[in-house]
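Per TrEMBL, the features are:
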{"type": "TRANSMEM", "residues": "6-25", "note": "transmembrane segment"}
{"type": "TRANSMEM", "residues": "37-56", "note": "transmembrane segment"}
{"type": "TRANSMEM", "residues": "68-86", "note": "transmembrane segment"}
{"type": "TRANSMEM", "residues": "98-121", "note": "transmembrane segment"}
{"type": "TRANSMEM", "residues": "127-148", "note": "transmembrane segment"}
{"type": "TRANSMEM", "residues": "160-185", "note": "transmembrane segment"}
{"type": "TRANSMEM", "residues": "197-219", "note": "transmembrane segment"}
{"type": "TRANSMEM", "residues": "231-251", "note": "transmembrane segment"}
{"type": "TRANSMEM", "residues": "283-301", "note": "transmembrane segment"}
Amino acid sequence: MSFLAVLANPILPVFAILALGWGLGKGGQLSEESARTINRFAMTVLVPIVVLDLLWNAPFETFRLTPILLYSAAQVILFALGYQLARRVFGAGPGESVILGYAGIFANNVFYGLPIGVLLYGEGGVLPITMVVVLDSTISFGGTMFVLQALKLGRVSPGAVLAIFARTPTLLAIFGGSALGIAGVPVPAPIQTFLDFNGVAAAPVALFSLGVVLSAVAFRFDPAVAVVSAIKLVVFPALVALLLTLFAGGWEANRLFVFAAAPPTGAMAMSLALLYDVPAARVAQVMVWTAFLSLFVLAALA
């Protein structure tokens, strides 16, 4: 499909619900508090349903380890680069530098990559994106939490991180869905109906509420925001493509891993900033800018 065809359908229609939320938030029809309530419902109930469905039905027998390891290597390299730039060039504090480094390598695949990927390639064709969701929700997220804990408390508490994992429904769905999918347990028909019926609401509800929340973000030019946004949307997908070309038989054969690197910065970056009392103004701007500009990157890579 051509760039314009993919941009027109399905990328812009998916983005439109976020834009609608942003517009209603700007116009005062919906408050940030009400949007956060809606978002909490999506993250607690709907998103875990989608993740459980995808992983339980995923064709794990086709999974290849090398591309996901290369994707992770790209994350480590660019996290370190983003941290150093934020800390040494833009004068951010240690905690904010960690968050900005994380914002450059954490893609919102749950709200963007997976829904768009399913529309383009079908549920059976998005295993690479699903595996990136697993990686980001466990290793990348957990590793960043460890670093932030060490900076804030002077020590790392694995128990505290595991406690947060145990209270996060999406992570429980990842572990449960992966176990059932790998074991080859068939999905009972009534459960599949439940997953199908409720799962379709996850992305639009979450994107709409996110749009309302982002409408409260104040805009001003900030070089750090511009650089982190460029890392997220250009450098990260390019590095993933380069590593796949060099070590995994070419990026065309693994293009969905490159596609998975292109969505905007995920909301987890903001959540971690708030959880560890880190300044969040810059990462909020990164989320807004990447939400708009990622449309064109995703269309080019689809």
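For all residues, glycine too, the Cβ spot is worked out from N, Cα and C.
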Ranking 37-56, 68-86, 231-251 by Cβ pairs under 8 Å to the transmembrane segment (283-301), which is first? 231-251
Outside the transmembrane segment (127-148), at least 6 residues beyond either end, the same-chain residues with a Cβ under 8 Å of its Cβ set are 51, 54-55, 58-60, 62-63, 67-68, 71-72, 75, 95, 98-99, 102, 105-107, 109-110, 113-114, 117, 156, 158, 161, 164-165, 170-171, 174, 178, 254, 256-257, 259-261, 266, 268, 272, 275-276, 278
Sort out for me which stretch, of 6-25, 37-56, 197-219, 231-251, has the most Cβ pairs below 8 angstroms to the transmembrane segment (68-86). 231-251
Long-range CB partners for the transmembrane segment (6-25) (under 8 A, at least six residues beyond its ends), listed in sequence order, are 32, 35, 112, 115-116, 119-120, 203-204, 207-216, 291, 295-296, 298-299, 302
Does the transmembrane segment (197-219) come near the transmembrane segment (37-56), with 3+ Cβ pairs under 8 Å (pairs 6 or more apart)? yes
